[in-house]
Amino acid sequence: METGGRARTGTPQPAAPGVWRARPAGGGGGGASSWLLDGNSWLLCYGFLYLALYAQVSQSKPCERTGSCFSGRCVNSTCLCDPGWVGDQCQHCQGRFKLTEPSGYLTDGPINYKYKTKCTWLIEGYPNAVLRLRFNHFATECSWDHMYVYDGDSIYAPLIAVLSGLIVPEIRGNETVPEVVTTSGYALLHFFSDAAYNLTGFNIFYSINSCPNNCSGHGKCTTSVSVPSQVYCECDKYWKGEACDIPYCKANCGSPDHGYCDLTGEKLCVCNDSWQGPDCSLNVPSTESYWILPNVKPFSPSVGRASHKAVLHGKFMWVIGGYTFNYSSFQMVLNYNLESSIWNVGTPSRGPLQRYGHSLALYQENIFMYGGRIETNDGNVTDELWVFNIHSQSWSTKTPTVLGHGQQYAVEGHSAHIMELDSRDVVMIIIFGYSAIYGYTSSIQEYHISSNTWLVPETKGAIVQGGYGHTSVYDEITKSIYVHGGYKALPGNKYGLVDDLYKYEVNTKTWTILKESGFARYLHSAVLINGAMLIFGGNTHNDTSLSNGAKCFSADFLAYDIACDEWKILPKPNLHRDVNRFGHSAVVINGSMYIFGGFSSVLLNDILVYKPPNCKAFRDEELCKNAGPGIKCVWNKNHCESWESGNTNNILRAKCPPKTAASDDRCYRYADCASCTANTNGCQWCDDKKCISANSNCSMSVKNYTKCHVRNEQICNKLTSCKSCSLNLNCQWDQRQQECQALPAHLCGEGWSHIGDACLRVNSSRENYDNAKLYCYNLSGNLASLTTSKEVEFVLDEIQKYTQQKVSPWVGLRKINISYWGWEDMSPFTNTTLQWLPGEPNDSGFCAYLERAAVAGLKANPCTSMANGLVCEKPVVSPNQNARPCKKPCSLRTSCSNCTSNGMECMWCSSTKRCVDSNAYIISFPYGQCLEWQTATCSPQNCSGLRTCGQCLEQPGCGWCNDPSNTGRGHCIEGSSRGPMKLIGMHHSEMVLDTNLCPKEKNYEWSFIQCPACQCNGHSTCINNNVCEQCKNLTTGKQCQDCMPGYYGDPTNGGQCTACTCSGHANICHLHTGKCFCTTKGIKGDQCQLCDSENRYVGNPLRGTCYYSLLIDYQFTFSLLQEDDRHHTAINFIANPEQSNKNLDISINASNNFNLNITWSVGSTAGTISGEETSIVSKNNIKEYRDSFSYEKFNFRSNPNITFYVYVSNFSWPIKIQIAFSQHNTIMDLVQFFVTFFSCFLSLLLVAAVVWKIKQTCWASRRREQLLRERQQMASRPFASVDVALEVGAEQTEFLRGPLEGAPKPIAIEPCAGNRAAVLTVFLCLPRGSSGAPPPGQSGLAIASALIDISQQKASDSKDKTSGVRNRKHLSTRQGTCV
């Protein structure tokens, strides 16, 4: 997209608000050649100018320093904008402008245009002058922000262009920019933008009586001799057309060998028989393709249309219906002679209303037209089926019979084909479309011509998503319909364009997903030529919140190879002008594609012809097989033939490039098994419910859709409206998420299967018919009525699971009379889903069972006979959510308030007075039919409902009639710049001027561009033309537009103000509704007539006031901080003493100053009748107050109904108030105090003693247990006695018997586990003094232990050393540790 601003070339000078004037340097009636730049210069100029202007405007500095008031003047550092301009730098248009100069510019401003803006320009020339508009730059949000161009001075004049999106030079630097022409001498341009996103806007040059496009630089602008005020182009040689923009006889047509140039006739090349092309440069046949624009006769603008349909019959292209700006001269039926290039108008006597978005299909001499939107009938989508007979030129209508439980959908934006099935039945197949009731339909509809019946068949294969504005072609070879693109509702409540390609096999009713094109679009065309589907044009805009440059109108040219499942991009038409469009039609004759009409800001009436290469031109086998793109050829017996004409004998098929399996990322987009496996991308369905590449590893995969189990979740997700969701009993509509969800499987119960709209159960028990029926009845069901193919397939699959026994179950089919069989649900047996076996039904049987033979079928049997099995059926138990009725569809809501009552679900178009689904706004108004839409607030639907001139001129179809008082009073009327208008027919185009509605002779003044200077709403005269002198009639405001405080009403346009009725509890009320702003907290109601009893407020505001009832001994806090409390200046309280022998204390404080009054009363009517209360306290401007009321003084005992009233007033918002009433003794009772104190102290002491005693007991118990464990452990240790000989000097102890021999021995050895180490324990004699005795206080002996290695000792030694150790117990078993 182009991001630059609008360039003003030359030396522009401001001419009027909203226009910039530039005088051309050359003559010729204001031509523009002197300042035209090439495309690259435009882009560069736009970029620099945009950056410079944006750098100024975006800075929030005083305008005196920056000088950045774009359309205004700087006064006191503030921009004062010229009329029609707004913004802090006056940079956005917002209003109406009148341009009277012979040429000039108009623009929306220097930067991106404003959100939610409406701007209108009236260019006024003189009657019947030719006015030309050239769009040097145009960039708006496609399909949402539009510029409307009318050939006249109001929106009731003929509409000639609706511009939207990006319109800039695209292919060549010298490419001509679009030009729009009006012939009335006036042009009204109205621009509307919504609140989504904005772009750089537009720069439009206009000129009056100038040559078209300045003769495109290929001619001279000349003044007409007969009419001096008119000019025309004298074209240079080899250029023709009104603007000299059509080249002819290039290279002199290759004369004389190839052809010659016809200079006297139509000025084109006349080729010799062996040459073709616009310049006779291609052979016949040719290996190259080319485009041409034939000379059409007559070339009437009324032929132009979009969203029409065309079919080919012989040499005639029949065009029926379509959208046009003006239906008054619209021809419903046209035919175009493809040989002579002549249009003819069909003149049937009677027929259908004009429509667009319908379908056409040809069968023999009849053209079948179905559905579409009837623009002249409130925009309703119809389900009418009309037949046009070509021979008799007459219409007839058909009313088909809908079979079964099907539905006939009224749709638009669908497609249709008629073919003969293998069953010899001729069927018209209607594909997808949008229904105003059921949303985007994904169903196939069949119309059987011979039986005049309608059917919605069940399809197999992939689960596809239907939409609006797709294209489809039927291929006789594959017996399939190929469907591409469209505008669809997508998951997650999203919607947009798609590039999907589906194949529908008409005989097997199977869907397959093919390779997508990579270029999303809708309202394009598609034809089938030589095995290739050619896609041309369409709307490719798919932006949401940010533009990425996608164009509304495309000239993209794509080719799909059916045999190889490959897409190719073909070159765009290389013609002398743009051919971008959408909403066109295309047919094929003699291998050439003819494109007609469409929309590209204007309604197109031209014919484009595409001549593809001819297979016969290829002489080589390899060249033949590799021909393309856009053509498919086969080699047959040494010559090349087209894909369709070749027979099956001796044919060498074309080569296809090898296909590789898709990546996992590509396969992840398929969320169900059927779509994953019924496509050509090479995917497989893995056991963990995920679609992955066929080359990826998977433990258990499904590669054929016939093995898939259809999940209701995937079917329900494709249903885009509550109505369509409710038709499928397996689905339910979630109102909060606004999506269709599958019903849970447990709705049937354990042992049952949820199939379609029923629960089925197969049992193998052997019963007769009556007992089988009783069995099902006990399960709250009945014998099954198998009326759908899904139910039959399920039962057959269940029967096959019984491998150990033969199951032939009873079904709910019995003989009603001698020739009639019926199901148990009273539906007739149609012999379609199930059939009788050969020889059946026999005369002896009155009940039927299902026999599983080589071919499954029914057999008749006596009802008393036994059968092996039965099939039960019961209805689905629907949850509460599904029981909720759907809301009224948007298309059935007839008022703005009803349409916008449910948030963003619906959108109201005020100009067409239609309500549409939010996800279908684009397709409901594909050609900008809606001038303005609303989703919340509703404006008056007619001009008469607008009360002020400012409101009136905001609507492009209204004008203001100012009354003679010149005080701002008047009335708003539909009108034009010349005066008011009135409606004489049903459509707004049937408006005529009626100046009597605002008679000038009676001093009424008509205002269309700007309001009269004095706008005092009839309540004051003006001084200095625009200043209200003194507002009267209880009004105030700069324009006396508001009521004075204390009054309400709508004083605009002479309205009255009424005093507020607030029961004395408010001084002001809402200015318009009169709802009182009550000043006392707790009083509510429109007239302050109620107390807020739900929040403890009591009283009667009609006779007094309201009080908050306080509880004694509680503190209450009132935070008046919310916006709803802004008007509160008072709050009242009441309190009743609870004890008659205690004083009543009051405490009140607040965050702001307040006035306080306290009264008391014993009467029951106090608070409502003055004089009943006695004043106690009256304080002003305080923040805190405390007091005590004596029970003796006020005699609480004798006055049990005594009530204290507290009035807090005159405070400011916001405020926080705390108040409390309490009753307690004033003199402390010492006896009671000490009794209470000692009671508490002794209780606490007792508790402490008990806790201490419990603690001591627990401690003693734990100590005893610990000692016991220690004694047990000590008692379990090993022990022994040992003799010790002590020597003191040389003496021997007396009691030793015998001498000591050998070395000293240990007193103990404790071997470790493994007997490789031990702990040795010995006695040691400590050093002694000279006396041989140890020092005083010390022992002479000590015990020492050491770890020793005993692995090298002899066994005998070890035995000796350990012989003294006895009673050894609990030796450790852990290696390397001692005991």
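Don't overthink the numbers, they just go from 1 along the chain as shown.
Each Cβ is built from the backbone N, Cα and C atoms, and glycine gets one as well.
Per Swiss-Prot, the feature disulfide bond maps to Cys63-Cys79 (among others). When secondary structure is read from DSSP and collapsed to three states, Cys79 (disulfide bond) falls in the strand class. A simple way to gauge crowding: the CB of Cys79 (disulfide bond) has 22 other CB atoms within 10 angstroms, across all the protein chains here.
Taking a C-beta cut-off of under 8 Å and a sequence gap of six or more, Cys81 (disulfide bond) has these contacts in its own chain: Cys69, Ser71, Gly72, Gly87, Cys90. The disulfide bond feature in Swiss-Prot is assigned to Cys81-Cys90 (among others).
Neighbour count (other Cβ atoms within 10 Å of the Cβ, all protein chains): 27 for Cys119 (disulfide bond). The disulfide bond annotation in Swiss-Prot covers Cys93-Cys119 (among others).
The secondary structure of Cys211 (disulfide bond), as reduced to three states from DSSP, is coil rather than helix or strand. For Cys211 (disulfide bond), the Cβ neighbour count at a 10 Å cut-off comes to 28, with all displayed protein chains included. Here Swiss-Prot flags Cys211-Cys221 (among others) as disulfide bond, drawing on similarity to another entry.
The disulfide bond feature in Swiss-Prot is assigned to Cys215-Cys233 (among others).
Residue environment of Cys1014 (disulfide bond) contains 23 other Cβ atoms, counted within 10 Å of its Cβ in all protein chains. Under DSSP, Cys1014 (disulfide bond) is assigned to coil, being neither helix nor strand in the three-state scheme. For Cys1014-Cys1022 (among others), the entry in Swiss-Prot reads disulfide bond, with the evidence type similarity to another entry.
There are 26 other Cβ atoms within 10 Å of the Cβ belonging to Cys1016 (disulfide bond). Summarising the annotation, Swiss-Prot assigns disulfide bond to Cys1016-Cys1028 (among others).
Non-local contacts of Cys1040 (disulfide bond) by the CB criterion (under 8 A, 6+ apart in sequence, same chain) comprise Gly968, Cys1016, Asn1017, Gly1018, His1019, Ser1020, Cys1028, Cys1031, Lys1032, Asn1033, Pro1051. If you look up Swiss-Prot, you'll see Cys1031-Cys1040 (among others) marked as disulfide bond.
The annotation disulfide bond is assigned in Swiss-Prot to Cys1043-Cys1057 (among others) on the grounds of similarity to another entry. In this structure, Cys1057 (disulfide bond) is part of a beta strand by DSSP.
The disulfide bond annotation in Swiss-Prot covers Cys1060-Cys1069 (among others) and is backed by similarity to another entry. Reduced to three states, the DSSP call for Cys1069 (disulfide bond) is strand. Cβ neighbour count for Cys1069 (disulfide bond): 26 (other Cβ atoms within 10 Å of its Cβ, all protein chains included).
For Cys1062-Cys1076 (among others), the entry in Swiss-Prot reads disulfide bond. Shown in sequence order, Cys1069, Cys1076, Cys1078, Gln1087, Cys1088 are the residues of the chain, 6+ apart in sequence, with a C-beta less than 8 angstroms from the C-beta of Cys1062 (disulfide bond).
As annotated by Swiss-Prot, disulfide bond applies to Cys1078-Cys1088 (among others), with the evidence given as similarity to another entry. In the three-state DSSP assignment, the secondary structure recorded for Cys1078 (disulfide bond) is coil.
The domain 'EGF-like 1' feature in Swiss-Prot is assigned to 53-91; the stated evidence is sequence analysis.
Annotation for Asn76 (N-linked glycosylation site): no same-chain Cβ neighbours under 8 Å separated by at least 6 residues are found. According to Swiss-Prot, the N-linked glycosylation site annotation covers Asn76 (among others), on the basis of sequence analysis.
Here Swiss-Prot flags Asn174 (among others) as N-linked glycosylation site.
Residues or ranges marked as N-linked glycosylation site in Swiss-Prot (evidence: sequence analysis): Asn198 (among others). There are 22 other CB atoms within 10 A of the CB of Asn198 (N-linked glycosylation site), with all protein chains counted.
Per Cα geometry, Cys119 is the residue among the recorded positions Cys63, Cys119, Asn198, Asn380, Asn778 nearest to Cys221 (disulfide bond).
As a whole-number mean, the pLDDT of the repeat 'Kelch 1' (316-365) in this prediction is 90. Closest by Cα distance to Cys1014 (disulfide bond), from the recorded positions Cys211, Cys215, Asn380, Cys1043, is Cys1043. Taken through DSSP, the repeat 'Kelch 1' (316-365) splits into 0 helix, 21 strand, 29 coil. Every protein chain considered, the tally of other Cβ atoms within 10 Å of the Cβ of Asn380 (N-linked glycosylation site) stands at 18. Shown are the disulfide-bonded residues Cys93, Cys1022; the one with the most C-beta atoms within 10 angstroms of its own C-beta is Cys93. In this structure, Cys93 (disulfide bond) is part of a beta strand by DSSP. Counting only residues at least six positions away in the same chain, the Cβ atoms of Gly1046, Tyr1047, Tyr1048, Ala1066, Asn1067, Ile1068, Cys1069, Gly1074, Cys1076 sit under 8 Å from the Cβ of Cys1060 (disulfide bond). In the three-state DSSP classification, Cys119 (disulfide bond) falls within a strand. Rounded to a whole value, the Cα-Cα separation of Cys233 (disulfide bond) and Cys93 (disulfide bond) is 35 Å.
Asn898 (N-linked glycosylation site) carries a helical DSSP state (H, G or I). Annotation note: Asn778 (N-linked glycosylation site) sits in a helical segment as assigned by DSSP.
Looking at Cys79 (disulfide bond) and Asn898 (N-linked glycosylation site), their Cα atoms lie 42 Å from each other.
It is Cys1031, among the disulfide-bonded residues Cys90, Cys1031, whose Cβ has the fewest other Cβ atoms within 10 Å in the structure shown.
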